[in-house]
Amino acid sequence: MTKNKPNNNKSTPTETTSLIFKSGQVSSDIELKDLNVSDYLEECWSIYQKSIPVVLGSLIQKMIGYVSVFFIGQYLGKYEMAAASLSNMFAIITGWSLTQSMDNVLNTVCSQAFTGSSDIYLVGVYLQRGILITLTMFIPIGMVWWNAENILNSMNIDAQLASMCGTFLSVLLLGAIPYVLFNCIKSYMFAQGITAVQSHITIIALPIHILFNYIFIVNPSTSLGFVGAPLSTALTYWVMFILIILYVVFINGHQAWGGWSRKSLNGWGPFFKMGISSVIMTSSEWWAFEAMALGASYLGIVPLATYSVLMSLIDLFWNVNYGIAIITGNKAGNLIGESMINKTIFIIRCALITSVSVSFLNISVILYFKQFLASLFTQDPDVIDLSASIIPFVAYLQTFDGLATVGGFLLRGKADTRLGL
């Protein structure tokens, strides 16, 4: 894949260097007034094509979670499915949404440093800093997960559900660190234009994950029951982490790695400053969805299991716009690093046009296949019927969710998360 090359004509930026160039410094590579419809169509098609590897990689990575939901729904039951849904909700609110914020910061600083700095190793320094901060963040997160049962009991959640969730999260904790490190390294790779890495790794990891689920959930001689689901996921996260390390070392991505540097121990302040804005921006959306899961847990097992199905579908179709967001967000960051502001504006326009187009396609697919989509995750007729009756609302969400996703990544690409607040 063709990659942007670092601009060797610029001085090396530091944490105090503005990520956005002043108007007097801008050297425009295009004139917006000279663009026509064919230019927009060509760029939109290019964005769509380049987003496909990211979409596939993200879908396959998400399928790791879907596989566990499938095995639980098909081989264990709706009570276990409800417990898994509540556990995933808890993990998202208290863990994944917070660490995702650091991935967003890395998307911003790494993409701009790759083209805006004369020292390509600055990208690797940013990765190291992101890893250290993420590991520090996970110390209190891990303590919360370990005490999840007590926390849920204090919220008057069903005692058995709370106990199962506590067990689920304690086991999932074994794979939490490799998972967040995988995502940090993935952001480092995306900034270099290496967008196919996620699909390459997840294509290998998915069948391994299916095998783990069969061994620990289905096979009578080795089944661990409900515990088999988080254990399978944790082991798969380790596989993914090992594979991406091997990919960087032996295939591609090592070019921006200059070895461990003491510089990674400095400059945490700007990262946290950007991270706080990103946490609020990311978590406000994630927490809104997961608050509904908490509400569904008070309505009963069937509504909670139904919510698990609906959220899986929302997450599934969200990945299409996520691919567009990653490609255009990093491209915007690269262009800003090269001070090509007019072309950045052009990319932003094309990103939003492409997002709306694919969202309408998502709506058509969801409405036409709603019964089939509901049956993918469970055999329980009550859950299927309730899911199918609510799925049209999932369809109508697509356009707005797509624009929010792409717009959010574009803001991060230009290092402006405050507007997203």
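Using N, Cα and C of the backbone, Cβ positions are placed for all residues, glycine too.
Because the structure is a prediction, the values reported are computed rather than measured.
With a threshold of 8 Å between CB atoms, the same-chain residues lying at least 6 positions outside the transmembrane segment (54-76) that come near it are 84-85, 88, 190, 195-203, 205-206, 209-210, 213-214, 217-218, 225-226, 229-230, 232-233, 236, 240, 305, 308, 312, 315-316, 319-320, 322-323, 326-327, 376-380. According to TrEMBL, the transmembrane segment annotation covers 54-76 (among others).
The annotation transmembrane segment is assigned in TrEMBL to 82-99 (among others).
Residues or ranges marked as transmembrane segment in TrEMBL: 120-141 (among others).
What TrEMBL records for 161-182 (among others) is transmembrane segment. Panel annotation: around the transmembrane segment (161-182), residues 79-80, 82-84, 86-87, 90-91, 95, 99, 102, 131, 134-135, 138, 141-142, 145-150, 152-153, 226-227, 229-231, 233-238, 240-242, 244, 297 of the same chain, lying at least six beyond its termini, place a Cβ under 8 Å from a Cβ of the stretch.
Annotation source TrEMBL lists transmembrane segment at 194-217 (among others).
Using a Cβ-Cβ cut-off under 8 Å and counting only residues 6 or more beyond its ends in the same chain, the transmembrane segment (229-250) has close neighbours at 61, 64-65, 68, 71-72, 84, 87, 167-169, 171-176, 178-179, 181-182, 185-186, 189, 197, 200-202, 204-205, 208-209, 212-213, 215-217, 257. Annotated transmembrane segment per TrEMBL: 229-250 (among others), in sequence order.
Taken from TrEMBL, the feature transmembrane segment applies to 271-289 (among others).
The transmembrane segment annotation in TrEMBL covers 301-325 (among others). Long-range neighbours of the transmembrane segment (301-325) within the same chain, counting only residues 6 or more positions beyond its ends whose Cβ lies under 8 Å from a Cβ of the stretch, are 47-48, 51-55, 58-59, 62, 65-66, 69, 73, 78-79, 81-82, 84-86, 88, 289, 292-293, 351, 354-355, 358-359, 362, 365-366, 373-374, 377-378, 380, 382-383, 386-387, 390-391, 394, 397-398, 401-402, 405-406, 408-410.
Annotation comment: TrEMBL describes 346-369 (among others) as transmembrane segment. Within the chain carrying the transmembrane segment (346-369), a Cβ under 8 angstroms from the stretch's Cβ atoms is held by residues 30, 32, 35, 39-40, 43-44, 47-48, 51, 313, 317, 320-321, 324-325, 328, 331-332, 335, 391-392, 394-396, 398-399, 401-403, 405-407, 410, all 6 or more beyond its ends.
Under the heading transmembrane segment, TrEMBL lists 389-411 (among others). Counting only same-chain residues 6+ beyond the ends of the transmembrane segment (389-411), those with a CB under 8 A from a CB of the stretch are 104, 107, 281-282, 285, 306, 310, 313-314, 317-318, 320-322, 324-326, 328-329, 332, 348, 351-352, 354-356, 358-360, 362-363, 366-367, 370, 373-374, 417, 419-420.
Beyond its flanks by at least six residues, the transmembrane segment (82-99) meets 65, 68-69, 72, 134, 137-138, 141, 144-145, 148, 152, 157, 161, 164-165, 168-169, 172, 176, 180, 183, 226, 229-230, 279, 282-283, 286-287, 290, 293-294, 297, 301, 304-305, 307-308, 311 of its own chain at Cβ-Cβ distances under 8 Å.
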